[in-house]
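For reference, the structure is listed below as structure tokens.
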Amino acid sequence: MAATNERVIFEKEGVFIHTAVANSDDTLLAGKVSLVEKDGGFDALLDWKAVEESNFEVQGSEGSGQPTWGTVSFHRSAAQTVASPESVNFHAKKNRYAINFSLLELKSIRRSSPSLGWSYLLFVLKDGATLPALHFHEGGSKAMMKAMEKYVSITRSPHDNRLFVVTPNDTEALSRSFDELQLFGESSGDLVSNTNVKGKATRFLRAAGQTKKKFFRDPYTTTLGGFSKVTNFLRDTLIAPNGHPTQRPPDEMADLLSEELPGLDIQPTENEFDLITRASLGPRPDVERRQPVSPDQWKNHQDGEGRITSIPLLLEAIFRGGIHPSLRKEVWPFLLEYYKWDSTHKDRLELRKRKEDDYFRMKLQWKSITEDQESRFTELRDRRSLIEKDVNRTDRTHPFFEGEQNPSLTLLYDILMTYCMYNFDLGYVQGMSDLLSPILMVMENEVDAFWCLVGFMDRVHHNFETDQQGMKTQLIQLQTLVHFLDPQMYTYLESKESANMYFCFRWLLIQFKREFSFPDIMRLWEVHWTDYLCQNFHLLLCMAILDTEKSAMMDNYLGFNEILKHINDLSLHIDVEDIMKKAEGIYIQIAECRDIPKPIRDILAIKSERDADNGTSTTESADSGGSARSADSSIEIVPDQEETTF
């Protein structure tokens with residue numbers, strides 16, 4: 001019977017050891033397997049005991065009175081295709097057949113092949129001991145592994161889909177790795193001190209339930225796909241004390257992040273890579289940027305009733321130079337589809353009145369919920385708590401948000417809470433406060449900022465959805481672009497276990513918000529929002545930054561850990577104009593390529609020659625006036641040029 005501080009969390013009968021003694025036929029040793037929680041929930045024992053006598057014998061020291069090492073030899077029949085070890089060792093007592101070990105002693109688990117007909121699990125301990133396989137004749141192996149995941153992280157090997165690597169749920173080590181990634185940005189005194197990581201981790205896991213239990217098994221994938229579910233835990237426990245990151249040893253960090261992540265497998269097929277490397281790239285052209293759109297230019301693009309005219313030319317002007325700061329409050333609502341391009345002044349006044357009513361009606365919904373109601377509304381409580389914490393940490397060093405009792409913080413909070421009423425499914429996800437803060441600064445109005453945020457989130461909502469598909473797709477696309485544009489850099493990243501492009505994750509998630517100053521990110525966002533040049537221009541911005549940093553990474557032989565640190569250290573040290581010029585040059589370089597591979601055309605929505613002949617386009621108009629937002633399609637196709645790379 002388990003001790004008072006232990007409890008059985010899993011139990012299954014009909015679990016057998018298959019033994020063979022002196023080359024005899026297989027002997028089935030029936031037993032019962034249990035998982036027994038101990039140490040206040042931080043560890044569990046796996047316990048298997050035989051439930052009937054058999055002719056199984058243990059070879060060991062006679063009369064020692066101590067547990068002995070036993071050697072069990074077993075073999076498989078010709079009909080069985082699963083390969084089993086010739087000899088395994090396990091702890092046993094004379095005349096009492098038992099397996100008992102802490103999950104923290106586990107190194108790996110091997111599962112049987114589906115062709116066997118039933119499942120077995122083979123356990124290897126950290127000291128090298130291989131224990132007899134437990135055969136689940138009546139099922140239950142998956143359920144047991146699932147129960148084990150509360151106490152240890154179980155990750156499928158990228159090289160063998162039957163092998164699972166077991167590591168402790170070391171929350172402090174995990175904290176160091178996330179600090180190195182700096183996914184959550186601010187290293188300031190505002191951040192909660194990490195005073196009791198282990199206790200908070202346990203409370204988090206116990207409260208998380210089925211939808212959150214994957215976090216410690218696969219922390220990075222779960223983080224990518226479910227920020228709204230795990231952010232509170234990450235913010236409060238995965239940032240080093242006093243905001244000072246500590247570097248995780250490279251081998252530990254590689255173990256955490258370089259394994260194939262089950263929910264985020266971003267490896268293109270070999271055939272796809274073979275295809276995209278057959279094209280030849282010509283030289284990359286130099287690109288010049290223009291001056292921002294001025295008030296006079298903006299006025300010239302409006303008719304007498306306020307409709308915007310010559311939309312493609314205006315979008316091109318914004319793409320090539322941005323918008324004068326004094327115009328952003330007026331122009332951003334068009335770019336974010338709050339206003340329609342063909343609307344009149346009167347139309348916009350009427351629309352704004354309706355939108356204002358809609359906003360305050362939704363705001364009233366959450367403000368009118370009583371404390372008693374909220375006590376039974378867990379989702380709202382959790383979202384409110386997360387928003388309160390994030391608002392107090394968002395851009396607090398900027399004059400617009402600095403200081404206590406700042407009314408801008410109240411507006412930030414109210415808008416994010418109201419968005420939860422607007423989008424019940426998504427609610428609040430960490431990163432949204434980063435996206436809202438520059439918008440609120442520009443619009444200087446609660447209602448207008450809210451509807452502009454809605455437009456921005458309509459563009460990037462896939463980044464935060466729990467199925468992970470949005471981030472997965474972008475990482476695949478970026479990886480494909482790197483392989484096509486610069487095979488040398490791709491090979492280097494692959495050799496450093498960095499070809500998965502995870503180090504670009506923060507760029508994609510919050511659209512480079514942490515990488516640039518406020519004036520620069522405003523310029524970059526408005527350029528990107530035009531959708532003028534191509535689809536997925538932000539991926540070309542990533543390529544431009546990587547191209548700029550290629551020499552620093554390769555010449556200094558940066559490894560896995562060093563690449564992560566180098567990329568994070570670029571924050572606020574990137575020339576936004578240079579990157580935008582380079583990104584446009586990369587696009588032209590690709591567009592002028594003979595026989596652009598289909599994966600690249602699909603990513604950037606570049607028309608093929610057949611599409612051009614048929615008068616069709618892979619890029620649909622994104623503005624309400626029906627004007628195309630793609631660049632001039634009459635780009636000359638340059639005949640055979642000397643192949644170049646970055």
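Each residue, glycine too, has its Cβ placed from N, Cα and C.
Here the structure is a predicted model, which means the values were calculated and not measured.
According to TrEMBL, the region 'Disordered' annotation covers 279-302, 611-646. The annotation domain 'Rab-GAP TBC' is assigned in TrEMBL to 322-532. Positions annotated as compositional bias 'Low complexity' by TrEMBL: 621-634.
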Can you name the far-off residues of the same chain, 6+ from the ends of the region 'Disordered' (279-302), with a Cβ under 8 Å from a Cβ of it? 308-311, 313-314, 317-318, 320-327, 330-331, 484-485, 523, 577, 580-582, 584-586, 588-590, 592-597, 600, 638, 640-645
For the region 'Disordered' (279-302), jot down how many residues DSSP puts in helix, in strand and in coil. 6 helix, 2 strand, 16 coil
Mean predicted confidence [pLDDT] for the domain 'Rab-GAP TBC' (322-532): 95
